[in-house]
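Participant: Before I ask anything, let me first share the structure, which is written out below as C-alpha cells.
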Amino acid sequence: MLSASIGLLTGVAERTMRKQRCHPMRCNVQKLCGGCSLLSVPSVKQAKLKQEQVTDIMKNANLSVKVEPVIMAQSAIGYRNKVIVGFAKDKDKKIYSGLYALKSHRVINTSGCAMHPQLLNEIIDFITKTVSGMKYELYNEHTGTGILRHVLLRWAKETDEVMVVLITSTKQLPGRRNFVNALVKEFPQVKTVIQNINPRDTSVVLQDESIVLYGNGMITDELCGLKISFTASAFYQIHHDQCEKLYGLAKQLLDLQPADKVLDTYCGVGTIGLTLADACSEVTGVEINKDAVKNAIYNARQNGIRNARFVAMDSTQFMLEARKFHSSFDAIVLDPPRAGTTEAFIEAACGLKPKKILYISCDPRTQARDLVKFKRFGYLTDTIYPVDMFPNTDHVESICLLTPSKNASKKFEKKGPSKGAQKPKKDLNPYEKALLELKQSKKNKKR
C-alpha cells in the first residue's frame, strides 16, 4: 500500500512537470547568483540526478539501502515562502535589491526572481523604491556604517499572508511609521511588519532584539489541514506543497497506533508532531528555539490539540535526560538542521528502545553519516525516500524509517538512578518540568 502511494506521488508530479517544463528555464543572472544551479536542466532529469546523488552518498557510506525515485514538485517556480534580500548601489548610485552572488557578499540584482512568489517580488520592488525615496543609508559590512542591512519576507501560501522584517544596524529608523503605513496600504496581504536590530559584525541575518511595528509579529498558514502560525526566526519548510507530501509520507511510514507515544525532536513550530497527534496518544516536542516553542504551543491550542506538549531544550540534552530517567517512547522523530544530529543523541535515542525512529534530513550526506552510527547501535533502514523540496537547486530532502534489529536491545544496559534512590533537591530542568506537566495533564483528564 505504501509503495503504491509513493508511486502515485512520484508519477503525478512527473507527468505534471513534463507538461510544465518540456524545456529548461533561463535566467540572466543564473551564473552569477548560483542559487538555482539546475535551472537549465529539465525537471525530470533533475529528479534523476538527485536520486543518483542520494544513491551515491549511501553507497559511499557502505549502506545497503534502496533509494526510491524522487518525489517531485508540481510547482517548480514561485515556491519559496521565505526570501532574504540585501541592498546595494549601481554605478549611477541608484539603489537595487537582490541576492548575494555565488560564494560572496556582493549583492546582485535579482529583481523578479522566478523562484519567488510574484507577490513577494512586487513587495521587494516597492520596498526598494521606498528605501531610495527615504534615502536610508545602506549598511556597509566593511566599515560597519549605515542603517539598512536586509529585508526578510515570509509568505503563508494558503492564506496569502505576508511578514516583512526590516533588519537594521540600530534602533533608529527615521520615518518608519510612514514606511509601514505606505507598505500595508499598498499590500493588504502584509499582516505584520517587524524591525530586527542587528549591530553585530556577522553574516547571521537575524538577532535576538526585535520591535513589532505592525500586527502581532506572526503570520498564519494552513498545512496538512492545520492552522500553523510562526514568527520571523522560527523554522518553517520553504516549499509548502512538498512539505505536505513529506509529512504525509512521514505519517504513512510511522503507521502509528492509538496508544503510541511520540517524541518529536528538533520540532520547530510543531508541524510534524501536530500532524501526528490525531494518530497517537501523546506527542512531546523538543526545540531549542524558545520563540519556535511558543509558536508550537500556540499552534496546538489554536487547533484544539490537547495531547501535545512542547519543551524548550536542546534535543541532545533532552534525549540524554530521557534515557537517564528511563522514559518510554514508541516512536522518535528527528528533523535536524543541515549539520545532522549528534552521536550522543543517537546513542541515547537507541537506548530508549523505541519501536521506530523516523529521520528527515535536508542533507543526505550528514544523514548517511548518522545512519552508520544508528546501525552501530542496532537501528537499521532499508529504504530512503528523496523529496524535491528545492526544485532547480542541487539540494534534496530525504526521509527514512529505522527499526531495531534483533540484537539491538543487547547493546544497551539500563543506566540511571535506582528506584530507591532519592534525587537531590534542585531546580527542575526543562525535561523534568515536562514530565510533571504531562503527569498533571493526565490527572486532570481523569477528573
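Every residue gets a Cβ built from N, Cα and C, even glycine.
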Participant: If I go by TrEMBL, which of Q207, Q237, Q242 binds S-adenosyl-L-methionine at the same site as Y266, E287, D335?
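Facilitator: That S-adenosyl-L-methionine site, as TrEMBL gives it, pairs Y266, E287, D335 with Q237.
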Participant: Would you measure the largest Cα separation among Q237, Y266, E287, D335 for the S-adenosyl-L-methionine site and round it to whole Å?
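Facilitator: Between the most distant Cα atoms of the S-adenosyl-L-methionine site, 15 Å.
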Participant: Around the S-adenosyl-L-methionine site (Q237, Y266, E287, D335), what further same-chain residues have their C-beta within 8 angstroms of the site's C-beta centre?
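Facilitator: Leaving out the recorded residues gives F235, C267, G268, T271, I272, P336, I360.
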Participant: For each of the binding-site residues (E287, D335), count the other CB atoms lying within 10 A of its CB, then report the residue with the highest count.
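Facilitator: Checking each of E287, D335, the winner is E287.
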Participant: I'd like the number of other C-beta atoms within 10 A of the C-beta of Q237 (S-adenosyl-L-methionine binding site), please.
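Facilitator: Looking across every protein chain shown, the total is 22.
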Participant: Could you round the CA separation between Y266 (S-adenosyl-L-methionine binding site) and C362 (active site, nucleophile) to a whole angstrom and send it over?
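Facilitator: Per the Cα atoms, Y266 (S-adenosyl-L-methionine binding site) and C362 (active site, nucleophile) stand 13 Å apart.
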